[in-house]
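Positions annotated as transmembrane segment by Swiss-Prot, on the basis of sequence analysis: 34-54, 58-78, 83-103, 108-128, 138-158, 172-192, 201-221, 250-270, 326-346, 348-368, 383-403, 412-432.
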Amino acid sequence: MEKQNLKNTEVNLIYGVDDDLDLPKKVLFGLQHIFAAFGGIIVVPLVIATSLGFDSKVTTALISASILGSGLATIIQAKGVGKVGARVACIMGTDFTFVSPAISVGSVLGLPGIIGATILGSLFEVILSFFIKPLMKFFPPLVTGTVVALIGLTLLPVSIDWAAGGAGSANYASLENLAVAMFVLVITLLLNNYGKGMISSASILIGIVVGYIVCIPLGLVDFTPVKEASWLSFPKILEFGVTFDAKAVMAFIPAYFVATIGTVGCLKAIGETSNIDIGDKRVAAGVLSDGVGSALGGLVGSCPNTSFSQNIGIISLTKVASRHVAVMAGILLVILGFLPKVAAIITGIPNPVLGGVGIMMFGTVAAAGIRTLSNIKLTERNLLIIAISMGLGLGVTFRPDVIHNLPEAIRMIFSSGISTGTIAALILNAVLKESPTSMEFENMYDEEKKAS
């Protein structure tokens, strides 16, 4: 059993990590996770397919395969198979970290090259998982709290873009979009705070459904993709072939390294919101699951899979940390991988609706990190580590062009604000030592606390 966190950091959960629920509740809570993650699951293959000029048949197959691969990887991560899987409520999908290398490889070797690099590159993450234990000593609460806060803060701009209608949309920041987003935010907030039982726990799902319905008469829902989508689709193993190339694999290695760092941070964050201490064995099992899930994803024709940070906030808001809910979400994703028409309905959720719930979800993740940091002694050294790590992580997030002139391999590693902030926190925590003045202040603080 994993030991529980300190009481002052605990979340008042309705269902713990290993608590099972009846089927209707698992489906209901599982759908909430799917709605939060679905946009991220399909947008990466869509961006890759569009950038490489794939035809509609290949694009549709790639998206269906990504949904199926995400479901399989989620089931393995949440349920666990032997030593594989962290066995927590973790949703899996393809991260934007893999977009650049996939386009680079695909422009030369096509989709078979991407699939080959995905499968062989996953072995790097599998190997890396066996070295997690000695690395975990570099992740004290100071580092994990900073990383968790960064996960939420770096995702908030995404939710704001959603609320405005989506980055690059013709009606960006229109009053209609903002009104819908604020309406959904208020509905979700009221249900979560004042609702009882299932109403409170299902507040995100209810908010999305209500927002979706409101958007239909406003003309914000396009049902064309639903009409055009087929009812059934059966992704095939290596349907478009596979090409193994050493250079292609090397292009994916930095992205897999960044994904590993992100997974460690996500699992730690899930631990914080689930009232468990995610130990090194569980983290190693989670990273191993990333590698296995990516290999499976490649086999069914999708890109690598890694943990999705946007689902962490759902645990805090719904007070449901059950991994069985995540398993159900994985099962539903697998089913959706075979039902393009149903998947298209979910894909059609308007951006302002996602923005309304996203602001609440991602803000909750940031607050969880701040709560962790509030339980450590904020000495001058610790404040410096938090400040610089946050500054660099948010700086890269808000001004991504600042690393434009770096070599491609280095640029890939620091392209994510989460990875940049995490690396900074790890290095600073290892290098910076407490000054004599800070240590003296800390001793005085301890004595005063004991005296009181």
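Using N, Cα and C of the backbone, Cβ positions are placed for all residues, glycine too.
Keep in mind it's a predicted model, so treat the numbers as computed, not measured.
Against the transmembrane segment (412-432), stretch 250-270 shows more Cβ pairs under 8 Å than any other of 58-78, 108-128, 172-192, 250-270. Long-range neighbours of the transmembrane segment (348-368) within the same chain, counting only residues 6 or more positions beyond its ends whose Cβ lies under 8 Å from a Cβ of the stretch, are 35-36, 38-39, 148-149, 151-153, 155-156, 158-166, 169, 177-178, 180-185, 187-189, 192, 204, 207-208, 211-212, 215, 220-223, 225-226, 269, 272-273, 309-310, 312-314, 316-317. Residues of the same chain lying 6 or more positions beyond the ends of the transmembrane segment (34-54) and with a Cβ under 8 Å from any Cβ of it are 62-63, 65-67, 70, 91, 93-96, 98-99, 102-103, 106-107, 110-111, 114, 204-205, 208, 302-303, 308, 310-311, 313-314, 329, 332-333, 336, 343, 346-347, 349, 354, 357-358, 361. With a cut-off of 8 Å on Cβ pairs spaced 6 or more residues apart, the transmembrane segment (172-192) and the transmembrane segment (201-221) reach 3 or more such pairs and are scored as touching.
Sequence-remote contacts of a segment are chain residues at least 6 beyond its ends whose Cβ falls under 8 Å from one of its Cβ atoms, and for the transmembrane segment (138-158) they are 264-266, 268-269, 272, 309-310, 312-313, 358-359, 362-373, 375-376, 382, 385-386, 389-390, 393-394, 397-398, 416-418, 421-422, 425-426, 429-430.
The stretch from 58-78, 108-128, 250-270, 383-403 that makes the most Cβ contacts under 8 Å with the transmembrane segment (326-346) is 58-78. Panel annotation: around the transmembrane segment (383-403), residues 142, 146, 149-150, 153-154, 157, 373, 410-411, 414-418, 420-422, 424-425, 428-429, 432 of the same chain, lying at least six beyond its termini, place a Cβ under 8 Å from a Cβ of the stretch. The list of residues near the transmembrane segment (250-270) in space but at least 6 beyond its ends in sequence, with Cβ under 8 angstroms from a Cβ of it, reads 86, 88-90, 95, 97-98, 100-101, 104-105, 117-118, 120-122, 124-125, 128, 132, 139, 144, 147-148, 150-151, 278, 282-283, 286-287, 290, 294, 304, 306-309, 312, 315, 321, 365, 368-369, 409, 412-413, 415-416, 418-419, 422-423.
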